[in-house]
Structure formats: C-alpha cells, structure tokens
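Below is one structure, written out as structure tokens, with a few remarks after it.
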Amino acid sequence: MDIKDPQRALELFNWASEQKGFDHNNATYATIIHKLARCKKFGAVDALLRQMAYETCKFHEGIFVNLMKHFSKSRMHRRVLDMFCLIQAITREKPSLNAMSTCLNLLVESGQIDLARELLLHLKTVLRLNPNTCIFNILVKYHCKSGDPELGLEVAEEMKKSKRSYPNLITYSTLMDGLCRSGRLEEAVELFEEMVSKDQILPDALTYNVLINGFCLKGKVDRARKILEFMKSNGCIPNVYNYSTLMIGLCEGGRLQEAKDVLEEMKGLGMKPDAVIYTTLINSLCKERRVDEAIELLAEMKELGCQPDIVTFNVLLRGMCGEGRFEEALRMLDSLLSGEGASPNKGTYRIVLNALCRERELEKAIELLGLMLHKGIIPHYETSNELVALLCEDGMGGDAITVLPGLVEMGFVPKPESWAALVRVICRERKLLEMFEFMEDLIGMEDTWDAPFVLPNT
C-alpha cells in the first residue's frame, strides 16, 4: 500500500474489505495501522483494532509492538500498556520477551514507574510469567539513570532470589555505572570484585570502561590508569573507548603530555583515534595556548583519514583568536566556506566575530558581520551591542548606521546605551534628517522584535 495520504489509504483498505473473495491479513492490517499511527490518527487505529478481534486470520505481535512505540512518542503512556495487554487477546499467543522488554523500556524511559509496576503485575497474575534477567535489567538501568543506584541494588538482590533471573554482566556494569555517577567509587570497585570472585563473571572492556570513566570524572586519573593496566594484565585487551576515556581524563586534568603519550600508544596498537579524541586534545592544547601544536595535530588527523568536524574547527578558531591570530582564523574560516572541511555553523562565525570585537578589529568585524547577515546568522546579543558602541566610539558612526538595520531585521533590539552612542554621533555630525528617517524605518520594524523599542534618556 504505497498511498501517502492516510485517509485515502484507509478508504482503499475499507473498499478492499467489501470485495468478494478478498480477505485482509496481518500484512495489510500492519501497513494501514502503521500509516495511520505515524500520522497520529489514533481514532481510526482503535476502530481497526476492534475490527481485528473478529478476523479469522493469524495476527503477529509486531503490530502491537509498533503501536507501543507510536503511543510512547505521543506521550500516551497508558495506551502503551494497553497495546501490550491486547497482544494475547488478538494474536491468541502470549507476548514474546521482545514485546515485554519493549513495553517496559518505553515506560521506564518515560518515567512511568506506576505503569511499569502494572506491567510486571500483569506478567505475574494474568500471563503467569516471571520477569527474566532482561526485564530486571531494564529496571536496574532506570534506577541508576535516575540517580538512585540503591534501588537498583535492591532489584539485583531480588534477582538473586529468583531462579530465572540471576544478575549478569549487564546488571553489574549498569550498577557500577550508577554508583560511579553518584560518587560511590569504592562501592563500585567492591561490586566489581564481588562479580568476579563470587559470581565468577568475567568483565569485558565496557565494564572496565565504567570504572575508568568513573574515576576520571572525579579527577582520579592515576587510579583510572591503574585500572587500565590491571585490565591488560588480566587478559582483557583495551579498546579505543578505554584509551579515549583515559585520554580525556588526562586532558581535563591538564596532563597533556601524558594524554599525547596515550594517543601514541593507541596508534602504535593499530587503533584509529576518532574526531572526539583529537578534538579533546586540540581543545586542551588551545587552552594552554599551544595553538601551533594543535594545528599540527589537525594536520595529523587529516593525514590519518580522520575527518575533523565543525566542533574541531571551532575549537581551533577559538584558540587562534585567543592568541590574537585573526588573519589565520579568517583564512581558516574562508577555507571552510570554500568547502575545504566541515560546513561552518552559527558558532563558527560568532567565535571569530566575538574575538574581533574584543580586540577592536572593527573593519574585519564589519566585513564578517556582513557575511553573517547575508547568511541569516545574527551575532550574540551582547556582541551586537558591543559592536555598535565600539563603532561609535572609534568614529565609525556611519558604519554603525549601516549595519544596525540589518541587525534589527534579524530581531535584534539595541540596548539604550547603544542608542545613546548612535544619537551622540549623529548629532555631533549634524545629520538629524538622516537620523529621523533612520528611526522611522526602525520603528516600522518593531512588530518583528522580541522586546519593546526603547530610546535612551539623553
């Protein structure tokens, strides 16, 4: 059914229902229901669900799993649970593990814990099913993400009492992550040791990364490094995420040489650092005013086939501007505009313009502002006011009058101080007629502003 209009598709579906010798099946119902649900035509969906109860064909639970997702997106959380409960009634089969976990996941991710409890009760009392490890893990994940690992630990204890749902590696990794994010690092380590020694579960690279990241977030990078070494000594080969997590921790701790050493170790092991890793190191180098090293790292990044994204370039532009290297920054911006690299975003232009204003490079600032307005990008509010005031202070009032209408058209409302500076310049230059015409034009634009037009007391 390839008709885009859902109403037309429904009419065709109903017409087909009346044709002699034609019977709808799971596929035709699934197609029309998906089309209607995607357009939020839930009344029509309900009518079809009632109709399905009288059909003789075999239906599959996929229709209901799909509807759960649509109802969840529309924040109709009770309907998510309703769809799960309909599965057995319509398909005449108990829901699968996939249907159970999908429903529970959608409910807990939306914070619908009461409905999640209803689901678990329905599993036990109506379907006579006991939650398995997968189902319990969803609850553990929810409690940990909600900042309450204690409740997650209680769920794990309940799992241990069950015959079908003993905690597995995912359970422990999730709990450790929750403890780390709550600052309970030593408890996370104790849980790790319990998992290995008592439950005989071997950690993988992801489990180790939970601990490495936890200690790095708390600034305990040396401990994180020891965990990485312990990992290697126990036969678990670190992956790119383990190294990058440690490297980011070193960068944030200002230990740049050690971070660069980790990068070299990664490359020596044949790993390919990604743009996030390079950008993190480039950012740290720029903060330490080591822009030349950052530029070298950008070149290395390209040589190794790792494409820098706009975040990388923005970081480097901020570093260049911070050292007053405006010509280089503008050349890099030109190269980006020429298609040599990532496409500039609003932040790219604003970084350079803010720096030009700060250093009173006003001619360059006006040129860049013209380009921004042409592309429909407005500077930060404070930068726009600062630029107008600086132009007036430096005897460039004519330029201020030229750029201000373009800014106002984009929704910019000048501060009273900016108006005061303009009025002083225009009065000094005896251009009152131009000033009145200018004010009329601006007042005519007032209905596009987010704030009222305010003139200063002069």
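Numbering starts at 1 and runs along the chain as displayed.
Here the Cβ of each residue, glycine as well, is placed from N, Cα and C on the backbone.
Pulled from TrEMBL:
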type   : residues : note
REPEAT : 132-162  : repeat 'PPR'
REPEAT : 168-202  : repeat 'PPR'
REPEAT : 204-238  : repeat 'PPR'
REPEAT : 239-273  : repeat 'PPR'
REPEAT : 274-308  : repeat 'PPR'
REPEAT : 309-344  : repeat 'PPR'
REPEAT : 345-379  : repeat 'PPR'
Checklist line | Cβ-Cβ under 8 Å with the repeat 'PPR' (309-344): same-chain residues at least 6 beyond its ends | finding: 275, 278-279, 282-283, 285-287, 289, 291, 294-295, 298, 301, 351-352, 354-356, 359, 361, 364, 368
Notebook entry, point to check: Which residue counts does DSSP give the repeat 'PPR' (274-308) for helix, strand and coil?
Noted result: 26 helix, 0 strand, 9 coil
Margin query: DSSP-wise, what's the residue breakdown of the repeat 'PPR' (132-162) into helix, strand and coil?
Written below: 26 helix, 0 strand, 5 coil
Note to self: Return the average pLDDT for the repeat 'PPR' (204-238) as a whole number.
What the structure shows: 96
